[in-house]
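Asker: Per TrEMBL, the features are:
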type: COMPBIAS; residues: 47-57; note: compositional bias 'Low complexity'
type: DOMAIN; residues: 81-256; note: domain 'VWFA'
type: DOMAIN; residues: 262-303; note: domain 'EGF-like'
type: DOMAIN; residues: 304-345; note: domain 'EGF-like'
type: DOMAIN; residues: 388-429; note: domain 'EGF-like'
type: REGION; residues: 26-72; note: region 'Disordered'
type: SIGNAL; residues: 1-25; note: signal peptide
Amino acid sequence: MPRHLPGLLLLLWPLLLLPPPPAAPSPMARPGLRRLGTRGPGGSPGRRGPAPAAPASVPYSGTGQPGGARGAGVCKSRPLDLVFIIDSSRSVRPLEFTKVKTFVSKIIDTLDIGPMDTRVAVVNYASTVKIEFHLQTHSDKQSLKRAVARITPLSTGTMSGLAIQTAMDEAFTVEAGARGPSSNIPKVAIIVTDGRPQDQVNEVAARARASGIELYAVGVDRADMESLKMMASEPLDEHVFYVETYGVIEKLSSRFQETFCALDPCALGTHQCQHVCISDGEGRHHCECSQGYSLNADKKTCSAIDKCALNTHGCEHICVNDRTGSYHCECYEGYTLNEDRKTCSAQDQCALGTHGCQHICVNDRAGSHHCECYEGYTLNEDKKTCSVLNQCALGSHGCQHICVYDGNASYHCDCDTGYTLNEDKKTCSAIEEARRLISTEDACACEATLAFQDKVNSYLQRLNSKHILFGRISASA
């Protein structure tokens with residue numbers, strides 16, 4: 001193919017030297033799981049333990065160069081099955097082909113190479129196609145770069161469609177080292193060409209994309225832009241690249257570094273998680289909460305969990321939630337909290353004097369107590385105070401002779417036989433004495449009665465004397 005150097009090259013040269021804008025990461029990636037206990041903005045430390053400090057002094061520039069905050073933990077290349085499809089037709093001069101190999105090596109430098117990380121294969125094509133090495137051939141970066149350096153150009157012709165078909169049929173197979181669908185490892189192909197394809201690429205590229213291969217097309221010099229678009233995946237502005245000469249193709253390596261790099265929001269501190277940021281790979285993350293908290297509906301902030309309601313607290317008696325999302329244990333009345341801060345022991349409230357009983361405190365086996373009353377008293381409804389039940393039994397009634405209990409805590413006094421209750425309703429006086437007192441006090445009123453009594457008494461005495469005398473005579477006879 002004839003060589004052509006556009007007159008605009010000198011005008012475009014400064015633009016070509018500018019770092020390209022960052023490309024969005026591809027959605028095809030295997031989710032990893034790298035956990036960082038980083039502190040959310042304004043949040044509390046997570047429970048994951050000490051986290052590697054994220055670069056804080058240099059802002060992310062998006063260039064992938066030193067000074068762009070691309071430190072460890074911020075950017076990690078996604079695991080890929082990556083196949084380079086490089087045009088080595090006669091139009092690509094030896095020095096230019098060396099530039100292509102340098103471009104490939106520089107991209108390899110930005111990747112994490114290994115059996116569990118990115119695997120690389122190279123398909124070399126012109127009018128024929130040659131697989132230089134398969135995905136499983138090299139498992140370290142140095143041997144991979146040495147293999148790239150040994151690649152030599154083929155011949156005339158630009159069979160781009162055949163090269164894509166070969167990559168699909170032979171390079172992206174499990175036998176050749178590609179990982180199966182269950183691994184969720186992206187299959188990516190980068191085709192580099194400087195001419196127009198001499199075969200049909202539209203259908204074969206469509207089949208490749210349909211099989212899950214993500215196609216990037218890099219055109220150099222007189223490469224046909226429409227052909228590049230037919231080969232590349234959507235969106236085209238992220239999968240089609242063009243440079244004027246092979247001399248500047250190396251500049252695209254930083255662009256692919258950004259494409260294959262998964263930024264870590266947890267390390268960058270842009271995650272907005274209140275407690276813990278968890279990096280899931282591919283630049284994705286999710287938030288979690290510290291122990292005792294649950295994630296809110298916004299998937300970023302946290303609220304305290306009611307551990308008492310969860311019934312996982314271990315408190316023997318009472319669980320009390322604290323405002324901090326934690327809890328503490330308490331005991332029922334009559335118990336004290338043990339040193340383990342969970343179990344309880346019965347305390348002797350009667351001995352402590354905190355029982356409130358008016359009369360008697362009785363300890364129960366359950367660590368509780370109850371109140372009782374002295375004899376003659378009854379326990380009131382408050383179960384603590386007492387009321388008099390039978391004052392007669394108490395001996396505090398004041399009755400001189402007899403106390404009679406009337407029920408309902410009342411009583412009255414009574415007197416022994418031959419006595420009568422005085423006006424004070426407590427003391428008693430003899431009945432004869434009462435009569436004497438009445439006669440003395442009212443002599444005038446009783447004078448006739450007394451005279452009659454005297455006559456009766458005199459008569460009785462005479463009869464009694466005669467009865468005695470008669471008895472004596474009878475006895476002597």
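Going from the start of the chain as shown, residues are counted 1 onward.
For all residues, glycine too, the Cβ spot is worked out from N, Cα and C.
Just so you know, TrEMBL annotations are computer predictions that nobody has curated.
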Asker: Given the model, what does the mean pLDDT over the domain 'VWFA' (81-256) come out as?
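Answerer: The answer is 93, the mean pLDDT of the model over that range.
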Asker: Same chain only, please: residues at least 6 beyond the ends of the domain 'EGF-like' (388-429) with a C-beta under 8 Å from a C-beta of the stretch. Say none if there are none.
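Answerer: Long-range Cβ neighbours of the domain 'EGF-like' (388-429): 373, 375-378.
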Asker: Looking only at the domain 'EGF-like' (262-303), what are its DSSP counts of helix, strand and coil residues?
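Answerer: Secondary-structure breakdown of the domain 'EGF-like' (262-303): 4 helix, 18 strand, 20 coil.
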Asker: Within the domain 'EGF-like' (388-429), count helix residues (DSSP H, G, I), strand residues (E, B) and coil residues, in that order.
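Answerer: Helix, strand, coil within the domain 'EGF-like' (388-429): 4 helix, 17 strand, 21 coil.
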